[in-house]
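Q: Let me begin by handing over the structure; questions about it come next.
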Amino acid sequence: MLNLHTIRFFKPFKRLFSHTHLHYKLDSLRNHAIFHSINQRTTRLLILKFFSVKCTSAVNCRLMPATVAGGSLLSAQPLTRNSVLFISMDAASELPNESKVIQVFLSRLFVLFAEISLDVDADRDGVVEKSNPNKASWKWGPNGHGAILLVNCDSESLFMNKKVDNENEEINRVSDLKDMSKMILRTKGPAQLPEGYKLSMHITQTDAESVRVFRNKASGETDPRNMLFKVFVQDYPLVLSKNELAGEVPYLGGKSELEFFVEGLRFPDKDFEGLVTINLSLLEPNAKDFPETPIFTDKVVFRVSPWIMTPNTLKPVEVFVCSTSDNYKFLKGMKSLVQKSGYKLRICHEYMNRGDRWMQDEIEFGYIDSPHHSFPVVLDSPRNGKLQDFPYDVLLGPDFGYVTRYAPTEEVSSLDSFGNLEVSPPVTVNGKKYPLGRIIIGVAFPTTAHGRNMTKVVQDFLWAQKVQEPIALYSDWLVVGHVDEFMSFVPAPDKKGFRLLLSSPDAGYKVFRNLQKSGNGKAKMFQGKHEEISVDDLLSDKELRAENVYVQNCIDWNRDVLKKELGLDEEDIIDLPILFKVIPEEENRAVAYYPDMVNMIVLGTNLGIPKPFGPEVNGSCALETEMRSLLEPLGLSCTFIDDFASYHKLLGEVHCGSNVLRKPFEFKWWKLEL
């Protein structure tokens, strides 16, 4: 909305600009007098003299308070400090100098009224409305307001020299415009502004790091020879950038609209809340060697869309896995599961993965959203394994964005891999709603001085997104240190909508003790494998039992945190029978004793679970039978995938070796009440 500074005229032939839809602040500016809009079509002028006034027909003049009863403004009027002359017009001017106010004893005042409004989609309906009164501020919630900006982090280029679009200070393809937010300059007035007056758009140096503005070429600016090739030519001049904090924009005259395209350059982060302001000013010329003076200023505010994670309860779109020289059995099981589930499977072959099979650890899928457009964005972890080129070279493309956070190599640990980054389904905690769920990460125990943590730049990024407030769990007790080694979420057909799955040594020992009591103590774990052991021998291993008491304590600590932070009751949690063992050479951190069944892939109601190779009773694996009894009542189907040699023995499982792109939430992040 434009704030006009208007003018007191001691010199002839000065002009008054006004805007019929705005409220103006009283101000004093050198030899300028003071005007103030008190309704949509009225301004006021303070003049402390005796004088008379005559107006041309299009101009309305009125003196308040009237000092001569019934007196005409054509006769001399004594004015006091409280006297105000109201000058208004009912419509914008068509020509400069067409309307006049003649002040006897002073000078002639030429009056020009022009409507000028910088507009955005402040009501968030996908349409840029005119003169929204809330466009200069931003508010969360279902009744909130303020425009939304996407980070232009996809790439319209598919082949050579591919890079993220916002690294270019130009628009090479018209398709890139949908990734930007539209802004419209609407004007109504004479065909041209008086000599020396101009419109200028400007941003602060701070905001210039976060936003870039292009505009459509006005009529007559486009070379007719380029019209046939408009898709391929640069037809959108750059107006604002980090090197151009201000730029003149054309005043088109008459009733006109000029389109601008606003490009987001970075996500919210520790040093950037996500808000940017764009200003438009009408500049008045001054005497030689003096800078122009802004006499109106309008502004709009955008908030950059956060990066949003997707939980297991959202519908899958595509499943990603790696092909290596030794994971044939795993791939066979995954192909069968994905085909049965009706989703697409994409395999990253060895020429790209270079032997790095940990698809979950390299990337995390999310998305960004606005009223006019939405697309998935992959977050690339700082682990930088041999899969590091996959997200940029393969995933980045049209309507598929890319973002990463760089950390010094010495600060990066296993906890920076994204098996250590999960998100819950939507929850309500003590009346506070989290309709997009909450991010979950693993860190060192709070009182530990020398434990491993997720690197600060990644944590800062996650916290700055605001819409999925993170929860920190204790995962440093594990050798690998990922939260997906002891927890997962699966859908449930009730009001809660999900269950939290937790690894539980206590539940595991209960299964083995029941087997022993039922006369199956001789049944073998890992039958036919080098690690083969009977139920009786497993239960007699006191050291293993002590290690699992410690592990259970670690998991119970996390259980209490999750119950508190996710608003869960005991009936919302399912304990899975999983044992661990401690590795002395790894500072007494733990790994799964047999394939870690909580480390599963969730595809709707179909679960891909690591095959545990438990004791067989009556031709069935006792651990698989227990898993089915726990999960099938929820309407879930359990498929057990052999990852023993190719993943489990390398300290990972099915979830670690796969990733799932999911559909976004139906809930719109800007409707959160924060």
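Backbone N, Cα and C define each Cβ position, glycine as well.
A TrEMBL annotation is a machine prediction, not a hand-curated record.
What TrEMBL shows for this protein is this:
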type	residues	note
ACT_SITE	Asp361	active site
ACT_SITE	His482	active site
ACT_SITE	Asp484	active site
ACT_SITE	Cys656	active site
DOMAIN	115-284	domain 'Protein-arginine deiminase (PAD) central'
DOMAIN	295-671	domain 'Protein-arginine deiminase C-terminal'
Q: Can you name the residues of this chain that are 6 or more positions from Cys656 (active site) yet have a C-beta less than 8 Å from its C-beta?
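A: Counting only residues 6 or more apart in sequence, the Cβ neighbours of Cys656 (active site) under 8 Å are Trp358, Met359, Gln360, Asp361, Gly419, His482, Asp484, Asn599, Tyr647.
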Q: Can you tell me the mean pLDDT for the domain 'Protein-arginine deiminase (PAD) central' (115-284)?
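A: The predicted confidence over the domain 'Protein-arginine deiminase (PAD) central' (115-284), as a mean pLDDT, is 91.
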Q: Using DSSP with the three-state reduction, classify Asp484 (active site) as helix, strand or coil.
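A: Note: Asp484 (active site) is helical by DSSP.
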Q: Across all the protein chains here, work out how many other Cβ atoms are within 10 Å of the Cβ of Asp484 (active site).
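A: Within a 10 Å radius of the Cβ of Asp484 (active site) lie 26 other Cβ atoms.
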Q: For His482 (active site), what is the tally of other C-beta atoms lying within 10 angstroms of its C-beta?
A: 27
